[in-house]
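Copied from TrEMBL, the annotated features are:
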DOMAIN    4-119  domain 'Semialdehyde dehydrogenase NAD-binding'
BINDING   Thr11, Gly12, Asn13, Val14, Arg39, Ser40, Ser160, Gly161, Pro180, Asn316  NADP(+) binding site
BINDING   Arg99  phosphate binding site
ACT_SITE  Cys130  active site, acyl-thioester intermediate
BINDING   Gln157, Arg236  substrate binding site
ACT_SITE  His243  active site, proton acceptor
Amino acid sequence: MGYRIAIVGATGNVGHEMLNILAEREFPVDEIAALASRRSLGSEVSFGEKTLVTQDLDTFDFSGWDMALFAVGSDATKKYAPKAAAAGCVVIDNSSLYRYDPDVPLIVPEVNADAIEGYKNKNIIANPNCSTAQMVVALKPLHDRAKIKRVVVSTYQSVSGAGKEGMDELWDQTKSMYNPTDDVPAKKFQKQIAFNVIPHIDVFMEDGTTKEEWKMVAETKKIVDPSIKVTATCVRVPVFVGHSEAINIEFEDFLDEDEARDILREAPGIMVIDKREDGGYVTPVECVGDYATFISRIRQDSTIENGLNMWCVSDNLRKGAALNAVQIAEVLGQRCLKKG
Ligand SMILES: NC(=O)c1ccc[n+]([C@@H]2O[C@H](COP(=O)([O-])OP(=O)(O)OC[C@H]3O[C@@H](n4cnc5c(N)ncnc54)[C@H](OP(=O)(O)O)[C@@H]3O)[C@@H](O)[C@H]2O)c1
């Protein structure tokens, strides 16, 4: 016996990956509904070998559905997630709306699966920001061994993190560079993204950080340990899919780079590719379609007492969103909503 699952935002980047991953991992599904806005009513999406016809989220009745995986922005989530939850359907949400709500668990299954029991408070579970998800998978096993004091992270985030419109803008601007009669002004991003990098994701906060940077700080504390200090610089780069991060970690105790490499090799969700030779590391184009968070360039930071540097790459539409949401659904099914 399987579950009745609704995919909310099935026509988007993350929704599309959710459908792929549920099929790939043979999630026990009895019935699946693809939901999006009225604009997409009747359009088709693939679920494994099957084709699903998209339904209108606005008129959908969630009664009798076990789980709804939401991948629409915060505004639509605010309107529809409470309706689904009130109908008894557990919401697993990809937007930032509920992440900082103390009554809503924020889950990365490799790190804090036990917190899932908190879903009962509101029938809602939050999925973290894409940059946080891949970073905490790598931080947790190191924190368990040597206690992390402080993290300094710089991100190199792909345009798919800004949805399908972000991908279109990079594609159109890149083409227009070779055809000067086409002018594609910046719309989704604040400046030209083709052949450029932009040190600005989401809105500015009062202290000069951006909301994306603030999210990495707040979410790492909620998921891993409130005592960890994090400072982040989040940058958009002209890459279609795959986020990269340069991470500097200061530990309470000494941790040798070889031991760190061994710990990460054993850690769930991590793949270490770390050869000190040309090409002996992972770049974002190589992580697309993969489940793993890839760690490379692990090395001691000799400028501080107990420091390490590393390079972290993952598919933002997978571990950063859809895969993590499906993993949450798997834990929920196994621990809380058993069938059969
Ligand atoms: N991309 C990432 O790396 C990433 C990572 C973590 C979290 N997230 C979050 O996941 C969510 C989706 O991101 P995405 O990248 O998949 O965006 P996207 O490609 O732009 O897709 C947005 C989806 O939401 C639907 N939608 C938007 N407004 C709606 C409304 N009022 N009613 C019903 N459906 C509506 C769209 O339907 P139509 O096609 O009908 O317009 C589409 O299916 C966002 O909250 C985002 O912040 C994204």
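In case you wondered, yes, glycine gets a Cβ from its N, Cα and C as well.
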(request) Using Thr11 (NADP(+) binding site) as the reference point, find which of the recorded positions Arg99, Cys130, Gln157, Arg236, His243 has the shortest Cα-to-Cα distance to it. (result) Cys130
(request) For Arg236 (substrate binding site), list the number of other Cβ atoms lying within 10 Å of its Cβ atom. (result) 26
(message) Give me the long-range Cβ neighbours of Cys130 (active site, acyl-thioester intermediate): same chain, 6+ apart, Cβ under 8 Å, in sequence order.
(response) Gln157, Gly161, His243, Asn316, Leu317, Lys319, Gly320, Ala321
(message) With every protein chain in view, what's the tally of Cβ atoms within 10 Å of the Cβ of the residue listed as 'active site, proton acceptor', excluding that atom itself?
(response) 30
(request) Inside 10 Å of the Cβ of Asn13 (NADP(+) binding site), count up the other Cβ atoms and send me the figure. (result) 22
(request) Using CB under 6 Å from any atom of ligand 1, narrow the recorded positions Thr11, Asn13, Arg99, Gln157, Arg236, His243 to the ones that qualify. (result) Thr11, Asn13
(request) May I ask which of the binding-site residues Asn13, Arg99, Ser160 is closest to Arg236 (substrate binding site) if we compare their C-alpha atoms? (result) Ser160
(message) If you count, for each of the binding-site residues Thr11, Gln157, Ser160, the other Cβ atoms lying within 10 Å of its Cβ, which residue has the minimum?
(response) Thr11
(request) Quick one: give me the count of other CB atoms within 10 A of the CB of Arg39 (NADP(+) binding site). (result) 9
(message) Distance check, please: Cα of Arg39 (NADP(+) binding site) against Cα of Arg99 (phosphate binding site), rounded to an integer number of angstrom.
(response) 28
(message) Between the two most separated Cα atoms in Thr11, Gly12, Asn13, Val14, Arg39, Ser40, Ser160, Gly161, Pro180, Asn316, the residues recorded as binding NADP(+), what distance in Å do you get?
(response) 33
(message) Helix, strand or coil by DSSP: which one applies to Asn13 (NADP(+) binding site)?
(response) helix
(request) Within 10 Å of the Cβ of Pro180 (NADP(+) binding site), how many other Cβ atoms can you find? Include all protein chains, please. (result) 7
